[in-house]
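Peer 1: Got a structure here, written out as structure tokens. Questions coming.
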Amino acid sequence: MYPAHLLVLLAVCVSLLGASTIPPLPLNLVQFTYLIQCANKGSRASYHYADYGCYCGAGGSGTPVDELDRCCKVHDDCYGEAEKMGCYPKLTMYNYYCGTEGPYCNTKTDCQRYVCACDLQAAKCFARSPYNNKNYNIDTSKRCK
């Protein structure tokens, strides 16, 4: 085998090892985004909830800063319960519809029903909770203890 071939083989192996540590993207995030838009009738873009308070977005700790942040904590806890049931909430795809009364779930499996219910509950909670711009992109190391 030529030295160049060995280098290519080594590069491929290293790439595969590195890729195995990259977490999968949350596939149902797009669905959750649409549920949010349906529930709030497009009044606020979904990305506004991605970095809000102590719990809206990746991770979460401390005491929620307000009602909207509590919605995110409840959603995180709901996903935690789904995981205890053996579900993968961030990867679970489900069927939902946006009707005149807002979003609703129409799914088949237990995991799909549970995860869709988590997302639906959060989307409706977001829609009825006041949004405080001061709680967007806060310093979580100081405010979320």
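Including glycine, each Cβ sits where the backbone N, Cα and C put it.
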Peer 1: The Ca(2+) site in Swiss-Prot includes Tyr55, Gly57, Gly59. Which of Asp66, Asp76 is also listed there?
Peer 2: Asp76
Peer 1: With Cys71 as one half of a disulfide in Swiss-Prot, pick the other half from Cys13, Cys118, Cys125.
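Peer 2: In Swiss-Prot, Cys71 forms its recorded disulfide with Cys125.
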Peer 1: With reference to Swiss-Prot, specify which of the listed residues Cys72, Cys98, Cys105, Cys111 is paired with Cys87 by a disulfide.
Peer 2: Cys111
Peer 1: Swiss-Prot pairs Cys54 with one of Cys118, Cys144 in a disulfide bond, so which one is it?
Peer 2: Cys144
Peer 1: Say which of Cys72, Cys78, Cys98, Cys105 is recorded by Swiss-Prot as the disulfide partner for Cys38.
Peer 2: Cys98
Peer 1: Looking only at Cys56, Cys105, which is named in Swiss-Prot as the disulfide mate of Cys72?
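Peer 2: Checking Swiss-Prot: disulfide partner of Cys72 resolves to Cys56.
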Peer 1: Can you tell which of Cys13, Cys78 is bonded to Cys118 by a disulfide, based on Swiss-Prot?
Peer 2: Cys78
Peer 1: Would you say which of the recorded positions Asp76, Asp119 has the most Cβ atoms within 10 Å of its own Cβ?
Peer 2: Asp119
Peer 1: By CA-CA distance, flag whichever of Cys98, Cys105, Cys125, Cys144 among the disulfide-bonded residues is nearest to His75 (active site).
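Peer 2: The smallest Cα gap between His75 (active site) and any of the disulfide-bonded residues is with Cys125.
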Peer 1: What disulfide-bonded residues among Cys71, Cys72, Cys116, Cys144 are found with a C-alpha within 10 angstroms of that of Tyr55 (Ca(2+) binding site)?
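Peer 2: Of everything listed, what lies within 10 Å of Tyr55 (Ca(2+) binding site) (Cα to Cα) is Cys71, Cys72, Cys144.
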Peer 1: Report, in whole Å, the straight Cα-to-Cα distance of Cys98 (disulfide bond) from Gly59 (Ca(2+) binding site).
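Peer 2: That comes out at 28 Å between the alpha carbons.
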Peer 1: In the same chain, outside Tyr55, Gly57, Gly59, Asp76, whose C-beta lies within 8 angstroms of the Cβ mean position for the Ca(2+) site?
Peer 2: Cys54, Cys56, Ala58, Gly60, Cys72, Lys73
